[in-house]
Amino acid sequence: MPRPIVAKVDSAVLASNLSIVRRHAPQAQVWSVVKANGYGHGLNTVWQGLQQTDGFALLDLHEAVVLREKGWRGPILLLEGFFQPADLAVIDRYRLTTVVHSDWQIEALRRMTPRAPLDIYLKLNSGMNRLGFSERALPGAWQSLNALKHVATLTLMSHFAYADMPEGVEGQMAVVARAGEGLTGPRCLANSAATLWHPATHGQWVRPGIILYGASPSGNWQDIAASGLRPVMTLQSELIAVQSVPAGGRIGYGGRHRVSETHRVGVVACGYADGYPRHAPTGTPILVDGVRTSTLGAVSMDMLMVDLQLCPKARIGSAVELWGDHVKIDEVAASAGTLGYELMSALAPRVTVQIR
């Protein structure tokens, strides 16, 4: 028998989450962001649930080719652009849309002769200070690209650093307004947080990522609890052993947790080598036999321990939900001092993914 841990991905929930995104941005088209192997859900899995999207956005040229070969004929956006001039031949062949964020990329485009004009997303650094042209340099970059006969639609793009925080988007939107003054063309600005909470940013295209998979861009599930968004992935396993630990007994590596009275402790077939956060402390929420309880002690490579005091019927073989509908991935991430983004994308290849 295989190890009982499995990640179940519900493509119907993915489609429902996309519909909710559309209700938040009814006038915009949607780039469904499927980078990092579909946020850990599996590109081959998630694209089936996102067939009604307007386009897919990702990083890897190979994954873009995979989508084309699977039959996707709509737009595909390369979020980091191309990494060397030779990539342009693949972009041309598979009719991909590329981000441009550096002068050398403009020069490479100038030198190429594509079979048909390409759609380009010109990236503005409006305050993230990661990729993109400065406010001062952007108009010149726009003019250079706009002068090329083999550039079709030129879209202004930027990325918000604080859309999920009190600072919001106002400062960066002011930069976008100044840099884009007089530049006619579509705008693509809104990430997940801006799609939900800043409608003035929506423009012609929005780029939802984490919310498609049913987690919060802020890391706080309560921020999206009323939205109708649901987790797409359920990571589940089983109890593979039950221990009766006497009063004073210590749990796991380093004995980080000591029980004050005789305690039933369950052992779950899941550890940090499966993608569960190693730094999740005692008290991290978990569901055992339909009852919400918590972890005990340090997470091991292949196993973790759970408190069964509230689960009197739990036994070997009882179902365990690590995260999903009942224990949100944001809750587990917050307990471990990280974000749902990291946990999703860190799901280990050894975990079987099932589509339902």
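Each Cβ is built from the backbone N, Cα and C atoms, and glycine gets one as well.
Every protein chain shown contributes to the tally, and the Cβ of Lys35 (active site, proton acceptor) ends up with 18 other Cβ atoms within 10 Å. Per Swiss-Prot, active site, proton acceptor is recorded for Lys35 (among others).
Taken from Swiss-Prot, the feature active site, proton acceptor covers Tyr253 (among others), and the record attributes it to sequence analysis. DSSP assigns Tyr253 (active site, proton acceptor) to a helix. Packing around Tyr253 (active site, proton acceptor) is summarised by its Cβ count: 11 other Cβ atoms lie within 10 angstroms of its Cβ, all protein chains included.
The substrate binding site annotation in Swiss-Prot covers Arg130, Met301 and rests on sequence analysis. The secondary structure of Met301 (substrate binding site), as reduced to three states from DSSP, is coil rather than helix or strand. In the shown protein chains, 12 other C-beta atoms lie within 10 A of the C-beta of Met301 (substrate binding site).
According to Swiss-Prot, the feature N6-(pyridoxal phosphate)lysine maps to Lys35. The DSSP secondary structure for Lys35 (active site, proton acceptor) is helix.
On the backbone, the CA of Lys35 (active site, proton acceptor) and the CA of Met301 (substrate binding site) stand 26 Å apart. For Arg130 (substrate binding site), the same-chain residues that are 6 or more apart in sequence and have a Cβ closer than 8 Å to its Cβ are His159.
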